[in-house]
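One structure is given below, encoded as structure tokens.
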Amino acid sequence: MVVLGVDPGSLKTGYGVVRQDSSGFSVLTCGVIRLHSGKSHAERIGQIYRELEEIINSTKPRRVALETVFLSKNAQSALKLGQVRGAVIALSMNTDLELHEYAPREVKSAVTGRGSASKEQVAFMVTRMLQVTGHITSYDVTDALGLALCDLLRIGNRAAQEPAQGISRGNKNWTGFVRAFPEMVVR
């Protein structure tokens, strides 16, 4: 299964494509779509759409994992973020991909075992789980990869008809997480 994770933003949009097969997780591609602040918002949305479409065409994901909207005190920022999300949703529908949305707390819980984890903790666990180091220096990328991982972990949980210990919403302790991912333990 291949999933495209998207961390939307009006100036930087993170993306990460993760494959899960019998040998585990692997990153097919990841990065940040950097948008020039001098361009109109409509031009930036068009750029996001086109660049993500190229990524979809080259990596062939079956699903898109998108971060849900968070409440913002700045209405203008929230509207712009909503428009970026709309472009990603439209692209998902136009390319016949399943779209799944996850709240930041749900992603944090799936990847670290704690819904209140910091960005640093999420980045650490994402790079460990995907066995990538060094070249990922942006939280936009680790957040997008975390979204893809969250989706893949949720698929696995649904397929097994019972949540894996330490990953489900109900079990937020490290013991359950270590049982679910023994290969992550450094001895």
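Just so it is clear, glycine is given a Cβ too, placed from its N, Cα and C backbone atoms.
Copied from Swiss-Prot, the annotated features are:
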- ASP7: active site (ACT_SITE)
- GLU67: active site (ACT_SITE)
- ASP140: active site (ACT_SITE)
- ASP7, ASP140: Mg(2+) 1 binding site (BINDING)
- GLU67: Mg(2+) 2 binding site (BINDING)
Rounded distance in angstrom between the Cα atoms of GLU67 (active site) and ASP140 (active site)
11
How big is the gap, in Å, between the Cα of ASP7 (active site) and that of ASP140 (active site), rounded to a whole number?
6
Cβ atoms near ASP140 (active site) (within 10 Å, other residues, all chains)
24
